[in-house]
């Protein structure tokens, strides 16, 4: 199977497993992630709805990408602050860019990390779907950590991080001149630590956000997710 087939396989398996366990149910409030692994999960939910196996859900998307896909598929969407949602969700499902042995995550490859974190941290259960390439022994040295920043603070933040020996890259747009602009009107920087550095995701999630002008960073350490991992041979781990 190619990568897209593996992503569809793990997404469908996760949705079907959660449905069979009663964790996806009529009238539930569900957060829907962003990216190439999360989209098949949205499609599978749409299939359950169109078949009548699932009658109604209250979906909260984490990005414009997900909102548009839900609209195409006929899934009604809400915000976390909608009266029907009330600020909390039953479950959220999303992909990840890196997963360490403690199930800490790096997310934000799709530049939607701020809303992804708001949704994940306000859900009773958080489910992550990914392929085996996303499992790592340590974080912040392979896949660069995305950080959402206020544009005006770009240079001051860059200098503060570089003073700690951290490499900083302003993410450039594709089919758009200049930097990536998030759904919230901010910039994304991607940062990497030296290979010899001791990267502590839990501590860094807190300390990075204390830098003036940082909106949010892509470490997700505060709620341990249930993780579905698909391997190249098609087998799926439920961690």
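Indices start at 1 and increase along the chain as displayed.
Just so it is clear, glycine is given a Cβ too, placed from its N, Cα and C backbone atoms.
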Binding-site annotation, Swiss-Prot, substrate: partner of 34, 35, 36, 37, 94, 95, 96, 97, 107, 108, 109, 110 in 56, 72, 134, 135: 134
Three-state secondary structure of residue 116 (active site, proton acceptor) from DSSP? helix
In sequence order, what residues of the same chain, 6+ apart, have a Cβ less than 8 Å from the Cβ of residue 34 (substrate binding site)? 61, 62, 63, 65, 66, 94, 95, 110, 112, 116
Excluding 34, 35, 36, 37, 94, 95, 96, 97, 107, 108, 109, 110, 134 themselves, the substrate site's Cβ centre has within 8 Å the residues 33, 38, 116, 130
Which one of the binding-site residues (107, 134) has its C-beta surrounded by the most other C-beta atoms within 10 angstroms? 107
Show which residues of the chain containing residue 96 (substrate binding site), separated from it by at least 6 in sequence, have their CB under 8 Å from its CB. 105, 106, 107, 128, 130, 134, 220, 227
Tell me whether residue 134 (substrate binding site) sits in a helix, a strand or coil according to DSSP. helix
